[in-house]
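Pulled from TrEMBL:
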type	residues	note
COMPBIAS	227-238	compositional bias 'Basic and acidic residues'
COMPBIAS	244-257	compositional bias 'Polar residues'
DOMAIN	383-467	domain 'DM2'
DOMAIN	491-564	domain 'SUI1'
REGION	225-257	region 'Disordered'
Amino acid sequence: MFAKAFRVKSNTAIKGSDRRKLRADVTTAFPTLGTDQVSELVPGKEELNIVKLYAYKGDAVTVYVSGGNPILFELEKNLYPTVYTLWSYPDLLPTFTTWPLVLEKLVGGADLMLPGLVMSPAGLPQVQKGDLCAISLVGNRAPVAIGVAAMSTAEMLTSGLKGRGFSVLHTYQDHLWRSGNKSSPPSIAPLALDSADLSEEKGSVQVDSTLQGDMRHMILEGEEENGEAHQACEEKSLSEAPEDTSTGGLNQDSTDSKTLQEQMDELLQQCFLHALKCRVKKADLPLLTSTFLGSHMFSCCPEGQQLDIRKSSYKKLSKFLQQMQQEQIIQVKELSKGVESIVAVDWKHPRITSFVIPEPSPTSQTIQEGSREQPYHPPDIKPLYCVPASMTLLFQESGHKKGSFLEGSEVRTIIINYAKKNDLVDADNKNLVKLDPILCDCILEKNEQHTVMKLPWDSLLTRCLEKLQPAYQVTFPGQEPIVKKGKICPIDITLAQRASNKKVTVVRNLEAYGLDPYSVAAILQQRCQASTTVTPAPGAKDSLQVQIQGNQVHHLGWLLLEEYQLPRKHIQGLEKAPKPGKKK
């Protein structure tokens, strides 16, 4: 389900009533969890977010995120734990075991076939068709996938362990896992066995003799996007399986000597220094601290990493900036109540002057959709003119007919050639053009038909352009031009007041410029540290609008103008950005 990038619809903090309902749902779905464990999984006061998304095949999924990690997801009113949760509660679900080589195919979207199962001396867990199950690897009890049993345990054994065993929903290393802190599975030792079982397990894996022939090959089949099945076969029989499987077969990266918090502290300081050295200018001061974070620091974050102050030792931006002020790198003041701004920067400070700017990534300008990155380049937008029926006679001599699209320069050339060809240039004053019946019908008003006999060149051309219908051409890099009648709608930024008396920023018409509203919402959510939603735009067919909590016009302006390089003339509402020293 999460083998490919998903699309985020909204990300909001959970309400108290929803938190209580989630606890009740968890208790019902997983009765083996005690009250304390449920409270630990769904904390009472810690941050908990509800993320609504669409999987790549279109399934609507609700994900619950705690501490930056997805802990549960809901599909068709069924609640499922993620691998992050199963690592804390490895006995939450009945667990089946497979070989490490199988994991790669599961991550790619394949289902688990029964010949790929490893039979322990205790046999297979007892499940019924449709039961939710966990899947672990030989030598490590930490689950790496969850799936739904395609048949009962009895049916599995009766079939001779042939056929599809589990429909896999989520795995370690898939895109849902990547949305968290990307930690590796912990090492959880297999359940203790008696001495007879232990000696048996050290050698070959013993299974019923009637099944050994059928289990000679580990076969895994799944469906790729084109619907064709793919499979992976291990040529060795189970009795030839390697003995050293204590690591569970996962290619775990060696643990860095630095903690995650220390790494985040270093990333925070790197982005801070990079932003001051390359992005902030003296003319930008005073600069809102929130703007400094969202528009400057986040854009300096290296590709593939995510800046999250909450995971640093500082926890809050204000605390980090206080530390930087103590080091006399910057000066921060509260220019209005509750709103801090950077008012001075010591660009000669040794930490700034000695900072080495990382080499830019070739894909640094990107739109992120889930964890997939797509380079964005602004389209080339060219105004055009369309010939209406009333102007057909004027343009037919040049080979154009009703509905033809022309550039302004082409219109000018056609009019000049028409006047010269028909000897309409005034002999006494070359700046005037005599109007013949066709020109009179095309460009004059009814009350002018018998009074206006000549027009200056500039007036003639201006009138002609005004009588033509507006149109435009949009060309995206590597694509054929798209021509449409009318004027292209600008990206529209507005501020709205909600019932709770809170301001929200609304942006529309992103699609016309090749921008995905869901991707823009995901970027703004991170940079503004505010909730975002994507909803249908009122009164517009097949168009979406992005809504961000608070006045985020400044962040939007930076994203659209500086990063996406869109012309300012195609964006309206930028003047609504909050002024330094004023509350959002």
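Even glycines carry a Cβ here, placed using N, Cα and C.
No curator has checked TrEMBL annotations; they are predicted automatically.
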DSSP residue counts for the domain 'DM2' (383-467), split into helix, strand and coil: 45 helix, 13 strand, 27 coil
Secondary structure content, the domain 'SUI1' (491-564) (per DSSP, counts of residues): 26 helix, 24 strand, 24 coil
Model confidence over the domain 'SUI1' (491-564) (mean pLDDT, whole number): 85
